[in-house]
Each structure stands twice: as C-alpha cells, then as structure tokens.
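Annotated features in TrEMBL:
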- His441: active site, proton acceptor (ACT_SITE)
- Lys49, Asp309, Met315, Leu316, Ala317, His318: FAD binding site (BINDING)
- Gly176, Ala177, Gly178, Val179, Ile180, Gly181, Leu182, Glu183, Glu199, Gly268: NAD(+) binding site (BINDING)
- Cys40-Cys45: disulfide bond (DISULFID)
- 2-324: domain 'FAD/NAD(P)-binding' (DOMAIN)
- 343-452: domain 'Pyridine nucleotide-disulphide oxidoreductase dimerisation' (DOMAIN)
Amino acid sequence: MYDLIVIGAGPGGYVCAIRAAQLGLKVACVEGRETLGGTCLNVGCIPSKALLHASHMAHEMHENFAKMGLMNAHADIDWDRMQAYKAETVGTNTKGIEFLFKKNKIDWLKGWASIPAAGKVQVGDQVHETKNIVIASGSAATSLKGVEVDNDAGIVVDSTGVLALKKIPQTMVVIGAGVIGLELGSVYSRLGTKVTVVEYLDAITPGMDGEVQKQFQRILSKQGLKFILGAAVSGVESAENGATVTYTPKKGGDAQTLDAEVVLVATGRRPYHDGLGLDALGVKLTDRGQIAIDNHFATSVPGVYAIGDAVPGPMLAHKAEDEGMAVAEILAGKHGHVNYDAIPGVIYTTPEVAAVGLTEEGAKATGRKVKIGKFPLMGNARAKAMLQAEGFVKLIADADTDRILGCHIIGPGAGEMIHEVCVAMEFGAAAQDLALTCHAHPTVSEAVREAALACGDGAIHV
Ligand code: NAI
C-alpha cells in the first residue's frame, strides 16, 4: 500500500513525488513514456531551449559579431549535430530525474495508468493500492478542425514534430502567434527559414501587456518574421513537398492561401487525461475539459487530487511544479500554498520577454489608480554593450499604496531578471523597496531598479 501514487512524471508529477517522499510518504509515480520528465523535458521546454540557444548563437554571429570586431565568422549548420546536442540535453535531464527517484526511493511504475476506483491505480495488469492519488497528466497539442497533424511526415507538425524536422525548411507557416509559435518560429527564422506567422487576433502573444505586444512584434519583424494578423486559418492542404494554408481576413475579403515546406500548428493545448477513467470514477470536469479542483487541489472524488496543465490556470511547467510541491505538503499534513498572483511567464526568444502579475490593461480594469514606471534599455549601459538594447522594463504599481502589481520586460536575460520582481511581489513590496535596493553596475537588472525609480521621483538614466 502506497501513501501516494502520482500519475505522470512531468514537472508537476515528479516534483510532487519527490517532495512527498522527502516528507516521509511512501510514493510511486506512473509514467508511460520511456523516460521521465513529461512533455516539458522530452518534447517541450528543454529540447526547444537547446534549439533556441543554438539558434541564438547563430543570430549573434550574423547580427553582432562584425560590429564587435569579430570578423568573417561563419558557421555551417550541421542539423544532425544540432539534433544530437538537443537529444543529449534532454537525456542528461531525464536521467537526472531517474536518479532523483532512486535517491528518494520513489517507485517508477512503467506504463499508462487508469483509476478503477479511489485508492486504486491500474498499470498494465497490476492494480496498486494507495491512500491518495495525484493526477498530473498534463496537456496535449490541439489542432484546428479538419487539419491533420502528421509529425512523422514532417510537413504539418505540432510543437513535438517541429523539434525534429528532417532538415531546416526554406519556408514555414506558423499558425498561432502564441508562445509556441513565436519561440519555434524564431528558432527556424534564425536558422535561415522564411517564416510567416498567421494569427487570428489583432496582436501577438494573447494576454500580454499591450505595449509589450507591439514592441515585441516590431523586434521580431526586424529579425525577419512576417506577421499576418486578424486572419483565421480555415484549412491546411498537405502535399508531398509542402502544404497550403488557407486563411480568411477577419475584417472581410476573399480567402487567401500561403504555401510552405512546413506548417507548424501552434493554436493551443488541451488538458490531457485520456484513458484515466475519470468519467466512470465520477471526477468532475470544468466546461473547458479541465479537472475541477478546490483550493487544496482536491477533485470531486475523495482521495483524488489533480495539478498542472490538467487543471485550470496557466499551462506552465513552473506553475505545475509549485502545485506539485503544495499538494505533497498538504498530503503530508502541512500547509501547501501557491501564490497565483506571482507566477512569471517567459517567452524564450531573442530578446526574451518576461512578465509577472497584472498587465497595464488588467491593472486598470480592476478600477484602481495605477502608476507606470518604464525604463528603456537604451539607457542601460550593459544592454548597449551587448548590442541588445531594444527592449524595456515596465513596472506597474498601485498609485495609492505604491505596491507592485506587475512587471513586463523585453530584453536580454528577461527570464532571469523577472525573479527579483517575483520575490518583491511575494513579500508585498512597494516600488520604492525595489528603487532603494542596490543593484550591481553594470547589469541589465539595473533597468528594473530604474523602472521602480520611475514610479517615484524619476529614473536616473533617461
Ligand atoms: P496559445 O494559446 O499561447 O496561442 C495560440 C494562438 O493561436 C492564439 O493567439 C490564437 O488566437 C491563435 N489561433 C487559434 N486558432 C487560430 C486560427 N484558426 N487561425 C489563426 N490563429 C489561431 O497556444 P500555444 O502557443 O500553442 O501554447 C500552448 C500552451 O503552452 C500555452 O498555455 C503556453 O503558455 C504554453 N507554453 C509555454 C511556454 C513558455 O512558457 N515559454 C512554451 C511553450 C508553451
């Protein structure tokens, strides 16, 4: 009899299993993939970051080396080697989780789970008894109606297939200007592919701060990505050497077509809990197909909990991790908690885009008076030395209390810099607190402090 069986070994599930074991529970984790780590480590966050890093280096070489006096730099792209580097990056990470499971005495039940009843998890022919179950089964890519994704054929692909194309295509159409479309679209753009992004909405990166959306689109356009906004893709016709995408402008007009060697469908993900038997078990879902949970991650069935992409909230690995730790602590009799107001979001392009808390639009919509402190990286010495001064830091604070409500950064290392604001928000800090915190010079992080100063008596370097 286990204390806990976790279903799924992605960032939500494996972190939950480790924390529960550290807190003295007897834990097993079911995973049907050949390796641990879920979508994120195997076909998501980690392999994409390997390709993003490699293509970022290529971008630096083309764009900036000569400006810095590094002349005649040239790299032939060995796609097979780049794919091998990606696989090695994934391998060291997935093996790392295996090691952590052994270290924490967590049993890996290999196979796909179903839940015949509360307290029972079936894997293959075997039924395992457990006091509690945490479902961390993640999400799956969705496609558009009538559009067939075939990752093996490598022509119409999703976020998994696009990581393992047989060669770098000459042309690519990306459907959807969300995080996946822009990260992977910019990888190929930097490797020489002509990329066109078709997006239904009138702006890229839905949900992001409006100013960030505009500036980010400008930067990506300058890098060579083409955007067709306000366009609904209605079909993709696949042939032997490419595909034709049909879209209709939202403002009216005839349907248009675009041909490309590869089409990436990046129109969102759906919660994945297929085959678990949730219907028969009586686990309630939301109207969006997510597993419904209460504030303690409990589903409608006692003893069955759920976390991560399968439940409501942003589909982010780190949100799943936090929920995994919190539910483990609750099951161990402690007080697990997630602060959903301070979860960062990062787009790992060049430059990176990072955000935490409310957007300017969102903050104003709450009815409070807000003040905005904005600092352009053109005023930051370090960013200028790096030839990456196109972005800015925008801090949003409550005008009455000075409390930080949100922060939005475009710039080199934005995904690292955002965390000082996360910590500040976690401690309920005011903009003045950040403004009074000494920041090392010269760092790009100084721009965060300058944005905080701009919420008060003014930034220094503008
Ligand atoms: P998304 O929901 O972020 O973006 C999908 C985009 O497709 C939307 O802008 C939508 O308007 C557009 N779209 C939908 N149907 C369309 C149509 N017929 N024609 C034209 N455009 C259409 O979804 P995405 O990028 O696939 O990402 C899925 C999830 O994975 C997100 O929740 C994202 O946050 C998460 N993710 C996060 C990453 C990160 O944090 N760096 C990296 C990758 C994924």
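A Cβ is built for glycine as well, from the same backbone N, Cα and C atoms used for every other residue.
Annotated features taken from TrEMBL, shown on the structure.
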| residue | record | contacts (Cβ under 8 Å, 6+ apart) |
| --- | --- | --- |
| Lys49 | FAD binding site | Thr89, Tyr348 |
| Gly176 | NAD(+) binding site | Val197, Val198, Glu199, Tyr200, Val265, Ala266, Thr267, Gly268 |
| Gly178 | NAD(+) binding site | Thr205, Pro206, Ala266, Thr267, Gly268 |
| Ile180 | NAD(+) binding site | Ser159, Leu264, Ala266 |
| Leu182 | NAD(+) binding site | Val174, Val197, Ile204, Thr205, Leu220, Leu225, Ile347, Thr349 |
| Met315 | FAD binding site | Ser139, Arg269, Asp309 |
| Leu316 | FAD binding site | Ile343, Gly345 |
| Ala317 | FAD binding site | Gly10, Pro11, Gly12, Cys40, Gly44, Cys45 |
| His318 | FAD binding site | Pro11, Ile343, Pro344 |
| His441 | active site, proton acceptor | Ala381 |
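Closeness to ligand 1 is met by Gly178, Ile180, Glu199, Met315, Leu316, these being the binding-site residues among Gly178, Ile180, Leu182, Glu199, Met315, Leu316 whose Cβ falls under 6 Å from the molecule. Ranking the disulfide-bonded residues Cys40, Cys45 by C-beta neighbours within 10 Å puts Cys40 at the top.
Residue with the densest Cβ environment among the binding-site residues Glu199, Asp309: Asp309, by other Cβ atoms within 10 Å. Taking the mean position of the Cβ atoms of Gly176, Ala177, Gly178, Val179, Ile180, Gly181, Leu182, Glu183, Glu199, Gly268 as the NAD(+) site, the remaining residues of that chain whose Cβ falls within 8 Å of it are Val174, Gly185, Val197, Ile204, Thr205, Ala266, Thr267. Assigned with DSSP, the residues of the domain 'Pyridine nucleotide-disulphide oxidoreductase dimerisation' (343-452) fall into helix, strand and coil as follows: 39 helix, 33 strand, 38 coil.
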